[in-house]
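Going by Swiss-Prot, these are the annotated features:
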- 1-21: region 'Disordered' (REGION)
- 46: active site (ACT_SITE)
- 49: site 'Important for catalytic activity' (SITE)
- 49, 72, 73, 74, 97, 120, 171, 172, 173, 174: ATP binding site (BINDING)
- 74, 120, 278: Mg(2+) binding site (BINDING)
């Protein structure tokens, strides 16, 4: 039996207006009925990242290396010895990302993997990726038949999102590994005017916008527990949150994770964004802190703090987090997101609201939220802290 997938129409360009995530049917692929890709890994999605403090310590050593540019933010930005037809200097903007499976369906995992790789380019206000490479590990824990099918489906899903982003996969590397792995490299050659650097423009009074809800890590774990019950599920979740609520949460989260941030990249430039980052493995507060810290270096350093006042979260993820004593730190702002939204700074509430309205109109009706502001950092601020949750911050349940 063939495993048919919905095809995007020619007019679709952003990954939000295609059909909803199809229900995973392993048997239709020739896999055992009980097959789940997440059985072959213990770490999921962007939660596999090295803890942020350890990573930043390593990056400090790397940043001291002569010739390194923009180390530590979402993309590498390297000046080229070429100009465009207008005589403007060109830059190679590149990024790489990969992770272990977070969902059961290998095709969907490929889609999410590609969307996540592209997101770093999009956080630079670059909507057009020139080329992608695919990085893939096939699991040695599967039998040969399962390995062939899952690898094929992951590659198909990755390539489908690349096509939706109007780019192509031109190379990569495939290896064997106990845990499956999917990711890649995204590259674009642009002029200064064609990107929004994450540093240099941010200032006190800027308004912060988030383009996707939070709670994906909670969603994928609840889904796995629904299929493979754990003691925590039995103790804290069963009897409090229904299987139907978990399925709804999972479907909302996977639709969000596979949705491209491409339109957000295009519109942030149009509406005069001062900078952005994407929210992934360190959680929104971790990435906001990194964004704020990046302003304190460079030619015009600023000591700023990003204040998060209201956060959109999947409602069932909020309920589950409260039942589990916030095991994944969603309510603290540190829950890992996979292929999360863009956190964008705008010079005014008017610009931020216009961005949100237009993005909803062109991105399949998906909302964005004004979530906070930028302020001058207190002179007695704790060393290394450049972002905070406002006391009693508002949770917007989605």
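Cβ coordinates come from backbone N, Cα and C, glycine included.
Overlay of Swiss-Prot feature records on the structure.
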residue : record              : DSSP (3 states)
74      : Mg(2+) binding site : coil
97      : ATP binding site    : strand
120     : Mg(2+) binding site : helix
171     : ATP binding site    : strand
278     : Mg(2+) binding site : strand
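The number of other CB atoms found within 10 A of the CB of residue 97 (ATP binding site), across every protein chain shown, is 24. Note on the binding-site residues 120, 278: the fewest other CB atoms within 10 A surround the CB of 120. Within the set of binding-site residues 97, 171, 173, the entry lying nearest in space to residue 120 (Mg(2+) binding site) is 97 (CA atoms). For the pair formed by residue 171 (ATP binding site) and residue 278 (Mg(2+) binding site), distance between Cα atoms is given as 25 Å, rounded to the nearest Å.
Across the fold, the C-alpha of residue 97 (ATP binding site) and the C-alpha of residue 74 (Mg(2+) binding site) stand 10 Å from each other. Within 10 Å of the Cβ of residue 173 (ATP binding site) there are 11 other Cβ atoms, across all protein chains.
Cβ crowding, taken as the number of other Cβ atoms within 10 Å, peaks at 74 among the binding-site residues 74, 171. Here the CA atom of residue 74 (Mg(2+) binding site) lies 22 Å from the CA atom of residue 173 (ATP binding site).
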